[in-house]
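**Q** Here it is, the structure, as structure tokens.
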Amino acid sequence: MRILGIETSCDETAASVVMRDEEGRGRILGDVVLSQLEEHSAYGGVVPEIAARAHVEALDTLIVEALLRAGVKLEDIDAIAATSGPGLIGGLIVGLMTGKAIARATGKPLYAVNHLEGHALTARLTDELQFPYLMLLVSGGHTQLILVKGVGEYERWGTTIDDALGEAFDKTAKLLGLPYPGGPAVERAARTGNPERFDFPRPLVGDARLDFSFSGLKTAVRQAAKSLEPVTEADIADICASFQRAISRTLRDRVGRSLKRFKAESASVAQPALVVAGGVAANQALRQTLQSLCDEHGFRFVAPPLSLCTDNAAMIAWAGAERLAAGLPADGLDVAPRSRWPLDAEAKALIGSGRRGAKA
């Protein structure tokens, strides 16, 4: 089967054609992503109105380009998959309405995909991973530990009670006068810094729960920078290195506990696996921490290519293919976008978790 995927949940406009064969193996036939970095960089973050307008201007052209790269026509497509949430509502409307129009015009089924499910299933596209497995999602809008049991079957083990990890990176960069996006800027600065100069806090470390908290770390960064004013480049490098060290130590505690829990509850799984997904997964220091943890606990560490960790339409197309192959029903043309859409509908909301970024 061939699926056309559309992604417009935040500040990337993307279209992709993905094939899934009868054995369940996937292949990306055509994939196009257009970043809006230049449009938002002057504001130090994503401006929803600008993002939505940029999606309108680019999406049609990107869909045509994805089909051309795949060497197929619309009539060769078996289904349409479009991100329906969570994310910025303006962008979601653009992508989902486009998907509906194509589905109506071609008579093909439409799958309104949860963006987080796209991340959760990417490892099956890239590494043919079998269920169940554990996923750490780290992005600008989410920091979650999720047990992936099957297509449409997810159990949230932990989440952030305040800032997402990507948000903490962006805010730290902004505090230090580093460019947007903040994640790569902080990582670059940290390479020449002393990670032990500042002993930043690690909230919730040692707690029996698997939840995260990063707002206190952000506050500590602000206080450190203020105490050094005017800060030098060396100070900034040391703050960034110490910031990353605090995050790595936090992940060792939270993720380490989750690996032990997975082994205890899924003892029959011969080769347990941890998947990392989301834009922050590009950070090499954090990848090294997770690889080390997996080595210690006997887990396979799966990190999809960086192009599939950040927002893309291939993962949306693949999620649609997985849902179609599993026999899950398509969505009606009256399906509505959802700015908030938890992957685990049974998970309880946490006190203090009201603000969660663009993709809450």
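Just so you know, glycine gets a Cβ as well, placed from its N, Cα and C.
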**Q** Same Fe cation site as His115, His119 according to Swiss-Prot: which of Asp295, Asp311, Asp331?
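**A** My reading of Swiss-Prot gives Asp311 as the candidate in that site.
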**Q** Asp170, Asp199: which one does Swiss-Prot list with Leu137, Val138, Ser139, Gly140, Gly141, Gly183, Asn283 for the substrate site?
**A** Asp170
**Q** Given the binding-site residues Leu137, Val138, which one's Cβ is surrounded by the fewest other Cβ atoms within 10 Å?
**A** Leu137
**Q** According to DSSP, collapsed to three classes, what secondary structure does Gly140 (substrate binding site) have?
**A** coil
**Q** Spatially speaking, which of the binding-site residues His115, His119, Asp311 is closest to Asp170 (substrate binding site)? Use C-alpha to C-alpha, please.
**A** Asp311
**Q** If I take the alpha carbons of Asn283 (substrate binding site) and His119 (Fe cation binding site), what is the distance between them in whole Å?
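**A** Just about 17 Å between their Cα atoms.
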**Q** With a 10 Å radius around each C-beta, find which of these binding-site residues (Gly140, Gly183) has the fewest other C-beta atoms nearby.
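**A** It is Gly183 that, of the binding-site residues Gly140, Gly183, has the fewest other Cβ atoms within 10 Å.
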